[in-house]
Amino acid sequence: MSVNTITASTSSAAGRIAPALLSVFFGLFIVGFVGFSPMDVVHNAAHDARHANAFPCH
Amino acid sequence: MSLFRSLVFTSVLVGLIVGAVVTLAQFLGTTPLILAAEVYETGDETESHDAGTVADTAHGHDAAASTEAHDHHNADAWAPADGIERTAYTLAANILTAIGFALVLNGLMQISGRQSDWRSGLIWGLCGFVVVMLAPGFGLHPELPGTPAAPLFERQVWWVGTALSTTAGLALLFFQRKPWAAAAAIVLIALPHVIGAPLPPDGEQALAPETMSHRFVVIATLTSLLFWALLGSLSGHLRRRREA
């Protein structure tokens, strides 16, 4: 009984945290692409936003 | 997986709103200063944000040899044309950045397991402002085009390191109520600045006037404050509606 309860609570915590972690990494990937990509084309497209957001630029 | 979907949904909605508002703020505040600074930059160097003309490209070789403040974007690379096209790409970049940061913020709020409303969201947002603008900006202030700077990669490493270290410091402050945690938090927040941001090479001058650069730092910081205050409070508000 008590074993079941523990299993249930850990799996629900994991179910809550795994998608949240995925969201964090997905978000970091997008910010990294827009703000830190070394590609000239991406840099030029996002140029003004990069400067205004104080991402290291040029 | 439905939790992930709802995090994405909230973040996209928040990102669209915040990206649009911040683009308007930049259009009125920072962008005119960037354009004005580029006049100084292109007056001295050859590269411009217009698609490289024949004259530009032909001139490019001299520029490489001259004392450029920094050798950046390749004159041959595509760039949006000034005007509506450039503003449209800035809008897209702002929306994507806002969606990205909203995904991070909402994910972290979820992991914290606390209830949220617009006020708690605002606090999360202000922490984002400290982590992503104030702390890195203290060492590497927002720059106008034509400002001398250390090599890009070194600055990116310092920037990311500062953001991570400040995040760890704030997390210790908020989630551990022990004196050792507070002491460690102060050390983590101070450490990147003790190490010091990579400095520009000696003797190089910014191309734009000092007063313009100062105005840019102030306006960019205020715009970022608006970005994070909106991003946090909207996220918190939408999450509360979902939790209810």
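Placed from the backbone N, Cα and C atoms, the Cβ positions cover glycine too.
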Matching range for TrEMBL feature annotation, transmembrane segment, among B:28-50, B:212-234:
B:212-234
Looking at B:88-109, B:158-175, B:182-200, B:212-234, which one has the highest count of Cβ pairs under 8 angstroms to the transmembrane segment (B:121-138)?
B:212-234
For the transmembrane segment (B:88-109), what are the same-chain contacts with Cβ under 8 Å, counting residues 6+ beyond its ends?
7-8, 10-12, 14-16, 18-20, 22-23, 26, 31, 80, 116, 120-121, 124-125, 128, 132, 227-228, 231-232, 235-236, 239
